[in-house]
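Asker: For reference, the structure I am asking about is given below.
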Ligand SMILES: O=C(O)c1ccc(O)c(O)c1
Ligand SMILES: [Mg+2]
């Protein structure tokens with residue numbers, strides 16, 4: 001598969017861009033004119049630099065306002081194009097992108113444009129070059145790939161083809177199926193971009209909000225299926241204008257782009273089995289059957305405090321690791337692991353982040369195949385020498401450089417708890433459970449800028465989808481929240497993007513030095529019974545404002561007795577057409593980490609977003625430094 005990315009998609013100067021693009025694994029690069037103009041070396045030097053990185057220049061772009069010009073502009077335009085041909089010769093590239101004319105002086109007419117392209121093709125051919133014509137969605141006369149193709153068809157010149165850019169086609173709502181009738185050898189180049197559905201001016205949308213295929217809402221898969229059906233076998237390139245990406249890490253954006261291409265082409269191949277896609281085989285997206293364990297890194301003192309909290313929540317100290325300072329806590333199918341080792345990954349995580357979640361174990365059908373797919377998608381494998389009696393469990397790096405392990409039922413990994421842990425012979429009276437059954441969701445907090453990266457990470461490796469983004473109002477600013485979930489709800493991960501340090505999420509990130517799991521939500525089948533047993537264990541839930549309950553009763557028309565039950569137990573409530581949701585929160589552990597207990601009734605599939613501001617305000621109150629008067 002020949003892949004490329006336009007230099008405009010990546011931040012930094014041209015040197016940094018090329019280094020990032022090369023290391024991510026692309027074969028080519030589109031040189032965007034501005035990147036060349038801003039560079040302090042000549043075209044030959046740029047060409048050499050690109051080739052030194054093992055890359056090719058797939059295309060030079062854009063040449064603007066070419067077709068349909070009246071004289072004297074027309075002659076000047078042809079002079080201008082010759083200058084660009086000189087640059088292309090020095091760069092060492094043979095394809096120029098001409099985008100449709102936006103000039104108010106330009107004249108319409110398919111035949112006029114076709115005649116201009118025939119002449120341009122003639123000139124290009126004399127110099128061993130080729131031309132690709134792209135319809136900008138806001139082009140003055142040509143703004144639809146069908147018209148661009150008609151111009152190219154009538155130009156009827158071997159050096160002139162059409163360039164299709166998924167953004168321009170899909171943003172205008174043009175049916176991508178119309179691409180299937182274009183002969184593949186008349187498609188000069190393919191540019192891909194996705195974008196979130198936002199109702200705004202096409203040009204502004206295109207220049208600021210594009211993102212990687214799979215990160216937005218456009219049907220780039222349908223677009224690419226149609227392209228591949230034409231027999232096209234040229235370069236597949238990303239052209240992403242995005243304000244956020246312009247300031248992000250060049251390497252991370254380059255890797256995201258590569259991941260998006262592999263994921264997209266893998267999808268296309270599965271949907272169009274009759275079409276050859278030149279991509280190494282990789283296992284299909286992985287179904288996750290649940291979160292098998294969550295591991296905390298801690299020191300001994302904090303391990304005791306954390307353990308006390310687990311015990312109050314009904315967890316039982318169920319095992320000690322055969323060779324490490326690691327304790328297993330269990331309730332229902334929930335496994336919490338506390339690692340107080342003085343070396344290794346968990347210790348390193350503890351030193352950087354303090355007591356925090358350092359590892360998440362996912363239950364999959366085939367752990368090895370999961371690792372294989374993740375690697376093909378450029379995830380970073382994680383390995384640590386196995387200690388005595390330990391299994392080698394496939395793993396990768398995840399959010400905040402944490403680790404994600406994969407466990408399955410078909411290998412010895414199925415018996416990991418029996419193999420690696422010994423029951424504790426303790427005098428402790430086993431804690432009676434409080435009815436927690438499984439991990440409902442894991443909430444990870446990150447900088448807002450990282451959200452697309454991790455959304456793509458989860459949705460490309462695992463068989464999951466993302467829910468629409470919701471805004472959560474924290475008194476200190478906005479937090480954006482998006483869930484990644486499997487169709488059966490067995491895996492639910494919520495990603496929270498903080499935009500500043502004044503929000504609870506932002507403060508948590510500042511205090512724990514990076515992105516991390518901020519809360520774990522456990523499921524119960526009877527939240528009122530669970531609340532009672534928690535109270536009996538001395539568990540003090542997060543105190544919710546009485547104002548909330550008054551509003552709740554009015555909003556949902558609740559029976560006052562029912563509202564009283566909720567109020568008495570500090571349980572939050574939500575409801576939609578499908579069902580009901582109940583939430584109960586623990587106090588904060590440290591600087592903003594917490595637990596949640598939830599009950600889903602009926603088909604409720606959300607996360608109680610409307611309750612979040614009330615919960616956050618309560619958490620902020622409880623985090624206030626002791627000694628300050630309560631307002
Ligand atoms: O926004 C633009 O002008 C522009 C230029 C070149 C392209 O290939 C494109 O898709 C958009
Ligand atoms: Mg384009």
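Heads up, the Cβ atoms here are built off N, Cα and C, so glycines get one too.
TrEMBL: automatically predicted annotations, no manual curation.
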Asker: Per TrEMBL, which of 365, 591, 596, 599 sits in the Mg(2+) site along with 441, 519?
Answerer: 596
Asker: Of the candidates 134, 215, 272, which does TrEMBL annotate as part of the divalent metal cation site that also includes 165, 191, 239?
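Answerer: Answer, per TrEMBL (divalent metal cation site with 165, 191, 239), from 134, 215, 272: 134.
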Asker: Among 165, 441, 519, 596, please name the binding-site residues whose Cβ is nearer than 6 Å to ligand 1.
Answerer: 165
Asker: Given the Mg(2+) site residues 441, 519, 596, which other residues of that chain have a Cβ within 8 Å of the mean position of their Cβ atoms, reported in sequence order?
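Answerer: Near the Mg(2+) site, the remaining chain residues are 440, 442, 443, 494, 520, 521, 522, 594, 595, 598.
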Asker: Of the residues in the domain 'VOC' (290-409), how many are helix, strand and coil by DSSP?
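Answerer: Going through the domain 'VOC' (290-409) residue by residue, I get 36 helix, 44 strand, 40 coil.
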Asker: By DSSP, what is the split of the domain 'VOC' (438-587) into helix, strand and coil residues?
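Answerer: Helix, strand and coil residues of the domain 'VOC' (438-587) number 53 helix, 54 strand, 43 coil.
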Asker: Of the binding-site residues 134, 165, 191, 239, which one sits closest to residue 596 (Mg(2+) binding site) when you measure Cα to Cα?
Answerer: 239
Asker: With an 8 Å cut-off on Cβ distance to the 134, 165, 191, 239 Cβ center, who else from the chain surrounds the divalent metal cation site?
Answerer: 97, 163, 164, 166, 167, 168, 189, 190, 192, 193, 237
Asker: Give me the Cα-Cα distance between residue 134 (divalent metal cation binding site) and residue 519 (Mg(2+) binding site), rounded to a whole Å.
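Answerer: With distance taken Cα to Cα, residue 519 (Mg(2+) binding site) is 48 Å from residue 134 (divalent metal cation binding site).
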